[in-house]
Amino acid sequence: MHAIMKMLSKVISIISGLVNILMILVVWQTRRKKTRTILMANWSILTCLAAIVGIFEYENTPRFVYGPGTCHFMEFLKNLILNMVPLNVYVIVYEMSWQLGPRNGILLAKKILSQCYAIATIGAFGTIFMTEYEEGEDDVDECVKVPLWNSVKATVSFETVRALAFHVVIPVLIATVLNESRVKMKFLRTLQDQHAGPTLVDGKLRRVRWFFGYSTIFALIWISFGIFLAWHRVHVRVTPDYTFSERTSILINLSICTFYVYVSMGPMIVLWSGDVNMWERLTNLFARSGTAPPPQNGQPIQVVM
């Protein structure tokens, strides 16, 4: 069963990586990049990094990935990605609730992303001191989880603060922005109902509603996931000899895989829902490589070689 879980995890990592690479290419070939699309492209980049780390996690090549020079860095990278996920969702929610129209995408996105990466780096910095490289027998080396500064109190304090900051405070901020946006969405919906036919705002409202619903579910799951993760980290570092039963381990891995698929496909859900220009962008992307997807609604697609 463990081999099946390893194979499932690798397949999910590969598929999510390929899908998000496609989205990055679509955003890259967009001429006028909005702040929202740049933030979602960054989300996809983080997902691709997580997919690469996940593939290496289940490969039998620990010496290639984990060594005296990379052991601390890999642990730091995993926590940096983990901290960036709720921050990225929060800034996208805030940007979409600020106004539906485009703004100065590149300059604003640089400022937002630099602040997010700074906060995530601070939150992940302590994990550098919570991992040690250990040479085992039969050429089996591994990174061992250890308490922070060999202190159980310091480990509990660090994980508690990190869990509160990235798994409670940020989801609460997301919920606050979503609640404040309800009034604006109701007002725009009344304007939408006054028109008999479709308007330019319809697609944008649909995309915002999709992502607001997605973010609500994300905030609820992320809080419970963060509490369990913090408890599990402290437990592993304090009692490294403890192991879960096979059934519990399978359920935990399946839950993590399901939640990973939900998070990794988030950018595609947001980008595709209600975007009338997305099919045209995808067509242009395939046309440049000499191939194109099948026609939609019976309309022929011209391929530019």
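Using N, Cα and C of the backbone, Cβ positions are placed for all residues, glycine too.
Some features that TrEMBL has for this protein:
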TRANSMEM  12-30  transmembrane segment
TRANSMEM  37-56  transmembrane segment
TRANSMEM  76-100  transmembrane segment
TRANSMEM  112-131  transmembrane segment
TRANSMEM  161-179  transmembrane segment
TRANSMEM  211-231  transmembrane segment
TRANSMEM  251-272  transmembrane segment
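Taking pairs at least six residues apart, the transmembrane segment (251-272) and the transmembrane segment (112-131) share fewer than three Cβ pairs below 8 Å and do not count as touching.
Remote same-chain residues near the transmembrane segment (161-179) are listed as 82-83, 86-87, 89-90, 93-94, 97, 123, 126, 212, 215-216, 218-220, 222-223, 225-227, 229-230 (criterion: CB distance under 8 Å, separation of at least six residues from the stretch ends). For the transmembrane segment (112-131), the residues of the chain that approach it from at least six positions outside its boundaries are 35, 38-39, 42, 71-72, 75-76, 78-80, 82-84, 87-88, 91, 95, 143-149, 155, 158, 162, 165-166, 237, judged by C-beta separation under 8 angstroms. For the transmembrane segment (37-56), same-chain residues at least 6 beyond its ends with a Cβ under 8 Å from one of its own Cβ atoms are 9-10, 12-14, 16-17, 20-21, 23-24, 27-28, 30, 64-65, 74, 77-78, 81, 84-85, 88-89, 91-92, 95, 105-106, 109, 112-113, 260, 263-264, 266-267, 270-271.
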